[in-house]
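Among the features that TrEMBL reports, domain 'Pyruvate carboxyltransferase' is placed at 8-271. The Mn(2+) binding site annotation in TrEMBL covers 17, 208, 210, 244. Residues annotated as region 'Regulatory domain' in TrEMBL: 408-535.
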Ligand SMILES: CC(=O)SCCNC(=O)CCNC(=O)[C@H](O)C(C)(C)COP(=O)(O)OP(=O)(O)OC[C@H]1O[C@@H](n2cnc3c(N)ncnc32)[C@H](O)[C@@H]1OP(=O)(O)O
Ligand SMILES: CC(C)C(=O)C(=O)O
């Protein structure tokens with residue numbers, strides 16, 4: 001049996017694999033806000049990024065290690081390829097944390113060895129212990145992953161794992177990198193590792209998996225039954241391609257069905273102790289925060305955190321729930337932090353009530369940031385009778401997105417209607433204070449706004465998604481706009497809300513352009529690429 005921490009460790013990779021979701025790039029302040037909320041949620045390990053990937057990623061990991069990696073906080077981890085350069089950068093980035101980890105990886109499947117790494121199995125067996133030992137010379141806590149484990153030959157993988165443990169790895173991660181495994185196969189893989197790797201009891205077995213076939217959570221639960229004690233997952237299941245195993249689904253499955261899982265961890269079935277250290281009542285607000293800051297909307301029918309997850313539509317269900325909620329509910333919504341019992345916020349509310357509610361939602365604001373958010377709150381409260389949590393989230397996420405913005409939207413004016421050519425005038429200010437306005441016509445007001453913004457910014461892009469939805473109910477509801485732009489095959493999301501959907505569209509477009517521009521600035525200039533316009 002593997003070294004057993006006595007419960008299931010939750011390793012959150014929202015800021016690393018989650019950020020690999022097309023269009024989901026986050027700025028430094030956004031990453032920090034998410035890391036702080038993950039710490040409140042009670043995750044055991046935060047994988048904060050891939051420090052070697054870019055100076056921005058390095059800074060983010062270092063800042064999270066400094067601000068969130070306190071003695072009673074989570075382990076702060078960075079990802080590194082099995083190279084000295086990656087590992088050294090990772091060690092430097094996580095250094096400020098009280099508890100730090102280097103996570104290094106090398107593929108073990110023949111497909112990856114032959115076509116991607118162009119290395120033999122013998123070379124892999126030489127590199128892995130060398131790089132794990134190098135990582136151990138820099139940091140005490142080292143995790144090693146056999147990338148594409150789900151398609152690797154088990155006997156070869158056993159040898160690699162044994163070598164990694166002998167070199168000092170204390171966590172061995174088994175990733176189903178392409179989401180290929182089925183639950184029985186994945187459980188069998190973990191059982192095989194426990195049986196055939198002679199020194200496995202010196203390491204925690206971890207799993208990481210993707211949702212290409214929608215099986216990641218099911219695979220992980222099967223892995224827990226066979227000895228996996230660390231689950232690598234993301235909030236809302238975001239991540240590369242179809243995403244990762246979702247944290248909220250795993251945690252709630254282990255919570256709701258603990259009498260089923262308890263015996264696999266050597267406990268009495270009736271043991272009421274939780275199987276993870278997660279504060280489940282923080283789940284919903286963490287989901288909202290990640291959705292707002294990444295611009296990745298949560299599908300309404302998503303388990304646990306979707307808008308419909310606790311809604312009962314049909315008469316027979318409503319009748320049952322009215323008689324006894326247990327007829328159709330397996331989770332009390334309050335367990336994940338949904339509550340109807342809230343102070344209502346409106347135009348007579350003061351700074352303390354707004355700050356307190358924002359804190360409950362996972363946003364800790366002070367000084368100028370609080371003043372700005374409060375001013376926007378009052379502005380909105382003059383237009384809208386009751387300010388809901390979703391309104392507040394929209395206010396703060398707009399503000400956070402603008403903190404490091406290259407372009408700031410100063411004004412939008414449109415004229416449109418029957419027999420009128422839709423026209424928009426837009427004013428932008430750059431980070432260095434230059435200001436310019438442009439007018440443009442379009443097929444509708446939003447098209448005219450986007451045309452004007454493109455004229456001002458002059459960075460080629462293709463609009464691939466535009467969606468508007470109402471944040472709350474009623475005629476005075478905020479409209480939430482999500483925009484996705486594509487350039488050179490990469491996606492950039494922008495997200496904004498306002499009671500005026502044209503203003504929300506303009507702001508969402510500017511947010512997406514800001515992401516695109518930041519990404520261009522962190523890449524070396526392509527010979528045919530023109531420098532960024534300065535307005
Ligand atoms: C399964 C996962 O999610 S892995 C994590 C994915 N995350 C990322 O890729 C982070 C973002 N990546 C980047 O910024 C860049 O790819 C960098 C900085 C890491 C590397 O950039 P470059 O040096 O330009 O290399 P490039 O991306 O073109 O190719 C990757 C190289 O790493 C090698 N490589 C891939 N995995 C590993 C590994 N685990 N250990 C060592 N080398 C590896 C590849 O074989 C390739 O080498 P080659 O150039 O000799 O053929
Ligand atoms: C680096 C590893 C853990 C990974 O992200 C994967 O295999 O999907």
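Heads up, residue numbers simply count up from 1 along the chain you see.
Heads up, the Cβ atoms here are built off N, Cα and C, so glycines get one too.
In the predicted model, the domain 'Pyruvate carboxyltransferase' (8-271) shows an average pLDDT of 97.
Counting only same-chain residues six or more apart in sequence, the Cβ atoms lying under 8 angstroms from the Cβ of residue 210 (Mn(2+) binding site) belong to 176, 177, 178, 179, 216, 239, 240, 241, 242, 243, 244, 245. Taking the binding-site residues 17, 208, 244 in turn and counting surrounding C-beta atoms within 10 angstroms, the largest count is reached at 244.
Under DSSP, residues within the region 'Regulatory domain' (408-535) fall into helix, strand and coil as 34 helix, 50 strand, 44 coil.
Cβ atoms within 8 Å of the centroid of the Cβ atoms of 17, 208, 210, 244 (the Mn(2+) site) belong to the same-chain residues 13, 175, 177, 209, 216, 232, 233, 234, 239, 240, 243, 245, site residues excluded.
In the three-state DSSP assignment, the secondary structure recorded for residue 210 (Mn(2+) binding site) is strand.
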